[in-house]
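Chemist: To start, I am sharing the structure in question, which I have written as structure tokens.
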Amino acid sequence: MRIAVLSRNPNLYSTRRLKEAGEARGHTVDIIDTLHCYMDITMSRPAVRYHGEELPYYDAVIPRIGASITFYGTAVVRQFEMMGTFCVNESVAISRSRDKLRSLQLLSRKGVGLPRTGFANRPDKIKDLIKNVGGAPLVIKLLEGTQGIGVVLADTNKTAESILEAFMGLNANILVQEYIKEAGGADIRCFVVGNKVVAAMKRQGAEGEFRSNLHRGGSATLVRLSKEERATAVNAAKVMGLNVCGVDILQSNNGPVVMEVNSSPGLEGIENATNKDVAALVMEFIEANAKPNNTKTRGKG
């Protein structure tokens, strides 16, 4: 098979591993810089051009699109969908996952466990917003944040008010969530491939840090999931329409709650923590599912 990995950096661990895993299984794997792709969208025969030439037909495309290029990246994926190429994650699903509020609304509507969550831009009654989600301690997030940036823990209602007032000054959209104290600064990253959790790790925040992101000095270890945690991760992936994703779960007194569904999960942390060849499992999924026009939206989304 001929497979394209859409990635801005061929040296990233995840990109390298996908290429290695594909080639080890006898496939041709090209790494394509998403932003260097360009298209004539009025052509009767859809195509993607790159470095002055039309790209060949690919049996599958693996989008590795960073949050900062979501708009253009999903347009490129959509063009491949219009060409009939199988895309591991569809453009509509990627766009959906990048909108944190929309994601939480969809998950809530389908009954997926979530922390109590409020959403605001410029609330005229800050105290009521805080009260509505159960009061401090609270986690306050900028909607556009990634890797733990723009995430603050407010220990008291007064602190929460001050943080919200500061964030409002940025003219930003804000999420306010209950703090799951019993999670102890840890979360579980479930790596889902084709409606199955293929690997899972527990990420523990550094001492004194409530955020468990590995980019912020957290550590990761292999974890055994309960049936409920496994089902929650798979259900969240289905609701979001993602074939390959990372589902971040907190262990609360009321059962597992989903914090985020990541459409471009990194491989380094999960492979190192679990000693599993996750990249090869992604390739297995492609081999079983990559058929022409096997994309639900077919670029119409």
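Here the Cβ of each residue, glycine as well, is placed from N, Cα and C on the backbone.
Pasting the relevant annotations from Swiss-Prot:
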- Lys141, Glu178, Tyr179, Asp187, Arg211, Ser212, Asn213: ATP binding site (BINDING)
- Asp248, Glu260: Mn(2+) 1 binding site (BINDING)
- Asp248, Glu260: Mg(2+) 1 binding site (BINDING)
- Glu260, Asn262: Mn(2+) 2 binding site (BINDING)
- Glu260, Asn262: Mg(2+) 2 binding site (BINDING)
- 104-287: domain 'ATP-grasp' (DOMAIN)
Chemist: Could you state the CA-to-CA distance between Asn262 (Mn(2+) 2 binding site) and Asp248 (Mn(2+) 1 binding site) to the nearest Å?
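Modeler: Rounded to the nearest whole number, the Cα-Cα distance is 8 Å.
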Chemist: Do any of Lys141, Glu178, Tyr179, Asp187 (binding-site residues) have a CA within 10 A of Asp248 (Mn(2+) 1 binding site), and if so which?
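Modeler: Close binding-site residues: Asp187.
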Chemist: Tell me the Cα distance separating Glu260 (Mn(2+) 1 binding site) from Asp187 (ATP binding site), rounded to the nearest angstrom.
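Modeler: Just about 11 Å between their Cα atoms.
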Chemist: Helix, strand or coil for Asp187 (ATP binding site)? Use DSSP.
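Modeler: It is in a strand.
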Chemist: Quick one: average pLDDT across the domain 'ATP-grasp' (104-287), no decimals.
Modeler: 90
Chemist: Can you tell which of the binding-site residues Lys141, Glu178, Tyr179 lies nearest to Glu260 (Mn(2+) 1 binding site) in space, using Cα positions?
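Modeler: Going through Lys141, Glu178, Tyr179 one by one, the Cα closest to that of Glu260 (Mn(2+) 1 binding site) is Lys141.
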Chemist: Using a 10 Å cut-off, grab the number of neighbouring Cβ atoms around the Cβ of Lys141 (ATP binding site), all chains included.
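Modeler: A 10 Å sphere around the Cβ of Lys141 (ATP binding site) contains 22 other Cβ atoms.
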Chemist: Specify the count of other C-beta atoms within 10 Å of the C-beta of Asp187 (ATP binding site).
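Modeler: A count of 24.
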Chemist: Let's check the environment of Glu178 (ATP binding site): how many other CB atoms sit within 10 Å of its CB?
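Modeler: Excluding its own Cβ, the number within 10 Å is 19.
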Chemist: In three-state terms from DSSP, label Tyr179 (ATP binding site) for me.
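Modeler: Reduced to three states, the DSSP call for Tyr179 (ATP binding site) is coil.
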